Amino acid sequence: MPGGRLFPCGSEHCRSVTGRRGRFGRASPLADGGEHMAGRLLAVSDLHVAFRENRTLLESLRPGSDDDWLIVAGDVAERFADVEQALRLLSTRFAKVLWAPGNHELWTHPGDPVTLRGDRRYRRLVEMCRSLGVATPEDPYPVWHGAGGPVTVAPLFVLYDYSFRAPGTATKEESLRRAHEAGVVCTDEYLLHPDPYPTPDAWCRARAEWTRRRLEALPPGRRTVLVNHWPLVREPTRILRHPEFAQWCGTELTADWHRRFRAAAVVYGHLHIPRVTWHDGVRFEEVSVGYPREWQPRDPREPLRPVLPAAGPPPPAPAAPAAPAAQAPVPAASPAGESTLLGTLLPSSVAAAEAFADLPGAPADHLHPQEAQVVDHAVPRRQREFATVRQCARRAAGSLGVRPVPLLPDRRGAPQWPEGVVGAMTHCEGYRAAAVARSGEMLGVGIDAEPNEPCPAGVLDLISLEREREWVAAHARAAPGVRWDRLLFSAKESVFKVWYPLTRRELDFEEAHIEVDPHDGTFTARLLVPGPTVGGRRLDGFAGRWLCRGNLLITAITLPATAPGHGSPAPAPAAAGHGRDSGGVPRLTVP
């Protein structure tokens, strides 16, 4: 099979339900019209039952009551018979099963006797589900009745159209080429056939249009639970270690559906990173099991995730950081570490600029034409943060006498600075910043901003070493005002932003050990892999500074062009007080 590393997932008409018999011959708790009367709405995805360990897990899945429903959000298996066997088992145990297809069910796998392709394969899967009483995206949407009133549970089939493009690319073709060059190629390119549509993106657009019309026909004001194998918004893909893979993970066409169709929750899979995130006040549940190598090392957890009734209220909206006179949308520049929060962490040779709100007007008005092309198809929020953080970078560079130039991302997403300049950018909710220095003064700069909030469930295990987790647990009890897990993540982001421009190599989370001094606002990063040789000295680590101010964490690392001794460079000057892209999900990239 051509290409480099293959990433199979993300390394996401007529049978009546009325009167269907449930497990052990009991009557189904469905009123006329498919309305649910009690119980819980549970969800799971990416069961991948071709693996023996996952089949054992499947057999253990049982409801907590006779009235529980189960959402299966795709990727049950690749072979038709395995999908049927799994859904048959679940349909005998749960009062109602709802299925949305994933890419694996749609593959025409060489080991599957069912050789149908594309839409014909999907239609055969729908027929099979109906024979089992399993609801599909082609059926009337069931209605869940709970304490909060009726909720339409809508299984969807909207795949991807390559609009979650690789960093630094402007077209589908360029994005795919970048992925092939990086060896990050989804197996869909070889096994998922869009027949009769010419391309997967054409199939996606047709499905999105048809699905949108169905959702628009729901009763006015009706709340929904939207279920799709692929995430409906791009933000969850920011977590991916290989950002090139995001183009197989969804479409910008659904970016506002959680708001437009009044979602109480959105359920998805595909990414194999089970967690809960919030977007515009809506809960997004990634409910995948994944492959045995992925789920077995995790802490034991219940594979069935409760969707309704909701487990709790949404998190509070982040408070605005207590920043000094920087609430206006115009970025504040600090050429010598003067008044900006970031500037307090940097030596005088590094210029900083920050903003606590996005620039007014159209983002394209603040971008060079080449920059605007990069985000031309991005959602408005991404366009705004992209424009504001680059305006910060130009303000900081201008204070050093550097003329404005387009700041385009390279193939990895790292900003390409003009000759003789090094720097870094960061942005999180309510904050954008950039730091810039002359290369004669600094060999590298890394900065990161994060909300002072806990990492999403399961993220700490993905980004940390065991001894780091032990340290976080101890300090979370002793000093709960700082979210030490998020600070650890931020420090590792800053490490990568220094490392990558020097080496042009990846650095995994577990390849750097962070030690934070909780009292003086410093941290050290010890590399657990050979570091680069810079200026005749091999680096074995970095020294940085951090601060926590209001709801904001910021970390910064500077690598002076000359440093005393050998090994780790000297730390930046001390600062008073004790920081990342879009919500702080784990990824080692730069904006």
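The backbone N, Cα and C atoms fix where each Cβ goes, glycine too.
Annotated by TrEMBL as region 'Disordered', the relevant range among 251-292, 293-334, 335-376, 419-460 is 293-334. As a summary of secondary structure, the domain '4'-phosphopantetheinyl transferase' (444-523) carries 41 helix, 16 strand, 23 coil according to DSSP. According to DSSP, the domain '4'-phosphopantetheinyl transferase N-terminal' (370-437) comprises 25 helix, 17 strand, 26 coil.
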